[in-house]
Amino acid sequence: MGALKLVFVTGNANKLREVKKILSTDVSSEDSLKIEVDSKALDLPEVQGSTQDVAREKSRAAAKLIGGPCITEDTALCFKAMGGLPGPYIKWFLEKLGLDGLNKMLQGFSSTEATALCTFAYCEPGKEPILFEGATEGNIVPARGPTNFGWDPIFEVSGTGMTYAEMPAEQKNSLSHRSKALDKLRQHFSRR
């Protein structure tokens, strides 16, 4: 099977590196679809809503701007004790509160459970986006590991005893919310 080339609309170098790594190493057989990713950074409007709403609108706008098919991503970190917040607003919560502040949000609650959610959207100009979602369960903990990739140091994956930041890249990429969403994307294009 040949290679599919996709444009990933992101300005986040860490996300791009991780997506390329996941898609280049997660090929289970010679017949599996290989996906090559290029990136383009665009200033897209950030709509408010669910990760699905955000991913749909970002991908529509991006496909129109670049004049071709593309993928976009929206990520959420949903605290069970807070009914799913900060959810898709995690980027702004992290910028304003920092890792320690996110932990403090859960003080007084009995649960530190959280879901990491990733929604990729594939869109061609003038067409409806196709969504691919992945989720990983875990808990919010005091920061452990390198602090150079968003909220990775405070999200401890259930059953591992480690935060995303503490894991070797191969381990994180085998069980992360992002890898689960990308696996669904790969399956979709493998069936085409």
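Just so you know, glycine gets a Cβ as well, placed from its N, Cα and C.
Secondary structure at Thr10 (ITP binding site), taken from DSSP and collapsed to helix, strand or coil, is coil. Its own atom aside, the Cβ of Thr10 (ITP binding site) has 21 Cβ atoms within 10 angstroms in the protein chains shown. Among the features that Swiss-Prot reports, ITP binding site is placed at 10-15, Lys58, 74-75, Lys91, 149-152, Lys172, 177-178.
Taking the Cβ of Glu46 (Mg(2+) binding site) as reference, residues of its chain lying under 8 Å away and at least six apart in sequence are, in sequence order, Val54, Lys58. According to Swiss-Prot, the feature Mg(2+) binding site maps to Glu46.
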His177 (ITP binding site), number of other Cβ atoms within 10 Å: 24
